[in-house]
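Student: Got these off Swiss-Prot a minute ago, pasting:
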TRANSMEM  33-53  transmembrane segment
TRANSMEM  99-119  transmembrane segment
TRANSMEM  141-161  transmembrane segment
TRANSMEM  163-183  transmembrane segment
TRANSMEM  213-233  transmembrane segment
TRANSMEM  237-257  transmembrane segment
TRANSMEM  268-288  transmembrane segment
């Protein structure tokens, strides 16, 4: 019986950290890899790559924990989130706080193996991860904070590899914010009706009937900024083809959200994994000359 309870608790932690749903980690991973490949340029040092890949998983898990902790009193009123570990009682508030601290400490121990500039930047990463979940109570633009949180690995990656944060770094950071606002608005469209009822704010609510148009503008902005990064770094045709393919995926997403149906909006959100992958493959093709 004791093992059964322990096993149930571990499964609850597993759900709380979303390790069964890797999409969030992947959306955090792709911009990190973009930055590492551009900063190097090419394949980054193996240890730095390993630190960032592990750090992505740990910080995404920590972000999920603090997000559910912040939303614990709201999630029970939303059909999609009512069975999450905190509102269902499978995990206590104290356990959630402890798990968050453990995950952050593990991530920080990894960062301590890197240079001083990266260590200093990691403090801002922690602040963004902690602040984001609470922003949806005070502003309709929490997705902007999410974009900054998901993109802060970009300046950290540049700092780790080159001890500098050049123009390309900040253009990529901005592109990631635009991309995150676009895909998280698609995600927020799924819960828009529930969010209005319980007082949660989001760009999906703010944009209203213009949501599809604004998402399209943001997606075009991502493509323009990523193309500018390619030009600044002298990347070859393979990279620009990847931007065109990403544009095709954005068009497909627009088709999916055309009628604002919940399942289709969620499918559009999930499709962004392929956008990140395609852009990374374009970078890899440009730097790896066979």
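Glycine residues also receive a Cβ, built from the backbone N, Cα and C atoms like all the rest.
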Student: Do any residues, 6 or more residues outside the transmembrane segment (141-161), come within under 8 Å Cβ-to-Cβ of it, and if so which ones?
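Tutor: For the transmembrane segment (141-161), the far contacts come to 27-28, 31-32, 34-36, 38-40, 44-45, 48, 51-52, 55-56, 63, 111, 114-115, 117-118, 121-122, 124-125, 128-129, 131-132, 135, 168-170, 172-173, 176-181, 184-185, 188, 201-203, 206.
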Student: Residues sitting near the transmembrane segment (99-119): Cβ under 8 Å, six or more positions beyond its termini, same chain?
Tutor: 13, 16-17, 47-48, 51, 54-55, 58-59, 61-62, 65-66, 69, 91, 126, 129, 156, 159-160, 163
Student: Select the range from 33-53, 213-233, 268-288 that forms the most Cβ-Cβ pairs under 8 Å with the transmembrane segment (163-183).
Tutor: 213-233
Student: Are there residues at least 6 beyond the ends of the transmembrane segment (33-53) whose Cβ is under 8 Å from a Cβ of it, and what are they?
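Tutor: Residues packing against the transmembrane segment (33-53) from afar: 110-111, 113-114, 153-158, 160-162, 168-169, 172, 229, 233, 279-280, 283-284, 287-288.
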